[in-house]
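Notes to accompany the following structure.
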């Protein structure tokens, strides 16, 4: 039996992976360096001369990293001892064992794109932790915060809709509840457009009311398994014993506006009784510019709570209460910031895999999670999603993703080719989305 197809890689000149490594990654490193420059006086105020020395050191390390990338130098092992350093360096050795290049060393433009892109963000983190006393500085925080502040109009509309819905949710019949469920799912999907790593850190925010666009956006959903999600969760609700739990896990993607759309979905799941407990999974370190960390999660809820809009503030109060009472649980794990595809989870992070197996449903948000679900490979468009998961089935799962990388499976025959003919960049523009489910039929 043939093995899985080759990984996406920058060795394919002109591909999205190639353009990302050639242009977007150096641009992100430049923005990271600029951010450190801009915070120079803050570092001095907090730490004196040591803060300035640390800023210079971090900039020097990031400049070196940018040079290594742009000149296609060999990928080097991590040096700073951190909880995941050994796993990273073992993975680098594994990548080296796959190569038969002249010097047998993984390089930026030759190795799998998923690996080198994750490695870049891990090296950015290494540059910061090697530079105390600024070693707890989140180099991407201001980009995430700006996305939140620029999306206020949409946030107000969303929170208002949610609070109005909660007043009447007990009175909705099954069909009405299903329609509202589909709405919050679509809000969470299109919230995924706000990805700062795709824009090279340029500002992306949701300035218009997404609620008004849902009907217009429906034709851009290429795979729509929302009915299967409804069947699964409504069945859980109907068969649930009085004291038993229905747990939905959400593997988060971006902070800012997208995180709020995910929290709206999570709130709806509780208030509709489709779920009784939500586990959120975020990143342990700043990642892919806009990914959610524990600090981001808590910061967003606090910002909402202190809003001068009563509905937004009410959401903040309610969500803080969900966290305090344990209905919402935020968790992180180093596996989410490793370069491994998810099919390796049971070997690399058996504790995380075992935790996910206890969920009734897992939502995987966003593009990076989709790439890791499918191994970021050159799959044919019609390959079933179940097959592309390569044995990763901890529980029923669903990818909620707008397309921003050249990997997509589970399409109808001819669907991908038709899109390629009419819109050459359909895979990477963030215009199309999927709800792709894998679980019992």
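Every residue gets a Cβ built from N, Cα and C, even glycine.
Keep in mind it's a predicted model, so treat the numbers as computed, not measured.
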Additional site residue, 225, 227, 267, 291 [criterion: listed by Swiss-Prot with 253, 254 for Mn(2+)]: 291
Listed range which Swiss-Prot flags as motif 'Subfamily III RTxK motif', given the options 401-404, 405-408, 409-412: 401-404
Fewest other Cβ within 10 angstroms of its own Cβ, chosen from the binding-site residues 253, 258, 291, 367: 367
Assigned conformation of residue 370 (substrate binding site) - DSSP reduced to three states: helix
Secondary structure tally of the motif 'Subfamily III RTxK motif' (401-404) (DSSP, helix then strand then coil): 0 helix, 2 strand, 2 coil
253, 254, 367, 369 screened against residue 291 (Mn(2+) binding site), Cα within 10 Å - retained binding-site residues: 253, 254
